[in-house]
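A.B. asks: Here it is: the structure, laid out below.
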Amino acid sequence: MRSLLLLASLAWLLLAQAKDDAKLEDNLLVLTVATKETEGFRRFKRSAQFFNYKIQSLGLGEDWSAAGGPSAAGGGQKVRLLKKALKKYADKEDLVILFVDSYDVVFASGPRELLKKFQQAKSRVVFSAEELIYPDRRLEAKYPTVPDGKRFLGSGGFIGYAPSLSKLVAEWEGQDNDSDQLFYTKIFLDPEKREQINISLDHRCRIFQNLDGALDEVVLKFEMGHVRARNLAYDTLPVVIHGNGPTKLQVNYLGNYIPRFWTFETGCTVCDEGLRSLKGIGDEALPTVLVGVFIEQPTPFLSLFFRRLLHLRYPQKQMRLFIHNQEQHHKLQVEQFLAEHGGEYQSVKLVGPEVRMANADARNMGADLCRQDQTCTYYFSVDADVALTEPNSLRLLIEQNKNVIAPLMTRHGRLWSNFWGALSADGYYARSEDYVDIVQGRRVGVWNVPYISNIYLIKGSALRAELRHVDLFHYSKLDPDMSFCANVRQQEVFMFLTNRHTFGHLLSLDNYQTTHLHNDLWEVFSNPQDWKEKYIHENYTKALAGKLVETPCPDVYWFPIFTEVACDELVEEMEHYGQWSLGDNKDNRIQGGYENVPTIDIHMNQITFEREWHKFLVEYIAPLTEKLYPGYYTKAQFDLAFVVRYKPDEQPSLMPHHDASTFTINIALNRVGEDYEGGGCRFLRYNCSVRAPRKGWALMHPGRLTHYHEGLPTTKGTRYIAVSFVDP
């Protein structure tokens, strides 16, 4: 019975405490100035709503008199608006008012903690404090000394009782573009006024954290299901985080997490807010998208780029196409694509290399085409070095419903990506704390970042509103990509990056050669994923799993390895080179100068392709060899790798012989019955023949000891095979 009474008493006390807290929080009002509803303002409201703050916005719809918005220099307009708003609260003794900027502010905790810390300050008004004095450094000597903490007043955030705040602003008679910070500073530095109003500064950042001058002090603190900003210098957890001065990008970074927008336990909690679903919408009703394609330098795998563009799961009749091709090298490819598929799009505009339009001007033209067309709902800018392998990419980006958003793209096996998580002091790359985790997928979400490039989606409405007067791709002497980001940031438009899906990757252009007929063949080192997609047979993985390997003769294995394109390009490359051997025993290309079993051929090293061919053997042939010949391991070394040409009137067949190899690879590069008749390979010891080689399939067999074989006569047409004597 006694225990029950104790429990009842405890419950009553807790209930009473909760009611007192609720009553206390009812006496808190947050005032802020926002002349327009920017993305920063919406972020501020979202963090306030998370903690159930009561918000009143002042000045919505007014013109802002000072350049740079309410967080910029000037600020007298904020004092005027506050003075007017406080008139109806001047006699409310118990009302606590928090006045903060909004575009660059987030809340990290709720009213209860805020009020507790305010009461502990034992002042009627508490201003945020800063490391740096602004705007008049001559006033530094007048500031009271502080043994520990920030010394100088910051006007971006302060809290106080309504009557005291009314007294604070009562003397304001300034202009809208006068400095609010200087006004408050002079009041604070007047000992009589400071004491009369009872003003103090939040020296140790218990309530307010101004980031300017304090970036090295502030880190994210991940608690269970909650995220705070921690000040390491004073070991405090501020309630209000303010990206004052040049630190707006840092509050963008912190705002990706605080207060609980991303945690290790929950992941992203806001990624599904405000989505624009495209499910159930017919093709004709889908938003119209202008796709801007930019080919600004020689780029590998352009054929794959266009194929992926065609395979986007979005109706071409709702897409318009703008292509800027700076490169004469790609002129025929672009024109061929448009000749075959241009009619599938709603409209097409091509600016070719003959126009000599600069990169930035072309990008401005693409954005303008959407900006000036009211029916253009989205502008999708894609550089040719983007491998967009997710067919739903465009839909996924549209559904995320952001003004500007980019999908994460990285280079194969590297941390290089199409975004920066932070900027250095001079506006160039700096690595944010979360950069590697985002790139490697350990943190997944939608991230507010300062720089994106290569591929992004912009709402047409943003181009016609916030970005309507902007020359987007020129800014000082910056490159077009950095100019674009600087201009977008300056207009207070957020740029988001999503890594919620695997959208694709970036090509490496560093070592791209343009001296061959088919330059993509040489990209096996720089861009292995795309090389595999273009050149390795789609059923190779089945062969590797043992599901598609045939044995036409004893210890002879037959499996798919090359695509049609790989076969065709290798043949065309050899014919383009054209220096076929004579097919006699004298051969200066090999050691000793004598060939016992001569063929009419071209060696891989003659076209400087031996490194790439060895890489192909190591990556794709060696794993199969080790599966098919258990216990044998190879590094796929070779002295001879070549393409052989058989013609009835040239060299139709090959005499019986052993190969100078441990094992041999023989890949058919064209098709029997279409390109030639006859041909094939006969293994004499087993009296077994392969008479109908399949294009793109490889025969693999032992070389110098057991598999004595001959090349059967080609009776019509021209037959090509790629041969490698492996581990001689």
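Cβ from N, Cα, C; glycine included.
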A.B. asks: Select one of His614, His709: the residue that Swiss-Prot places in the Fe cation site alongside His657, Asp659.
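C.D. replies: Record source Swiss-Prot; matching candidate: His709.
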A.B. asks: Specify the count of other C-beta atoms within 10 Å of the C-beta of Asn177 (N-linked glycosylation site).
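C.D. replies: I count 15 other Cβ atoms within 10 Å of it.
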A.B. asks: If you skip the near sequence neighbours and keep only those at least six away, which residues in the chain come within under 8 angstroms of Asp659 (Fe cation binding site), Cβ to Cβ?
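C.D. replies: In sequence order, the residues whose Cβ lies under 8 Å from that of Asp659 (Fe cation binding site) (at least 6 apart) are Gly703, Arg704, His707, Phe725.
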A.B. asks: I'm trying to understand the geometry here, so how far is the Cα atom of Asn539 (N-linked glycosylation site) from the Cα atom of Asn687 (N-linked glycosylation site), in Å to the nearest whole number?
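C.D. replies: Rounded to a whole number, the Cα-Cα distance is 29 Å.
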A.B. asks: How long is the line from the C-alpha of Asn177 (N-linked glycosylation site) to the C-alpha of His657 (Fe cation binding site), rounded to the nearest angstrom?
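C.D. replies: Their Cα atoms are separated by 93 Å.
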A.B. asks: Drop a 10 Å sphere on every Cβ of the recorded positions His657, His709, Arg719 and tell me which sphere holds the fewest other Cβ atoms.
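C.D. replies: Per-residue Cβ counts within 10 Å for the recorded positions His657, His709, Arg719 bottom out at His657.
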A.B. asks: For Asn539 (N-linked glycosylation site), list the number of other Cβ atoms lying within 10 Å of its Cβ atom.
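C.D. replies: I count 15 other Cβ atoms within 10 Å of it.
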A.B. asks: Please name which of the recorded positions listed here, Asn198, Asn687, Arg719, is nearest in space to His657 (Fe cation binding site), Cα against Cα.
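C.D. replies: The answer is Asn687.
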A.B. asks: If we count other C-beta atoms within 10 Å, could you say which of the glycosylation sites Asn198, Asn687 has the fewest?
C.D. replies: Asn687
A.B. asks: Rank aside, I only need the closest one: which of the recorded positions Asn198, Asn687, Arg719 has its C-alpha nearest to that of His709 (Fe cation binding site)?
C.D. replies: Asn687
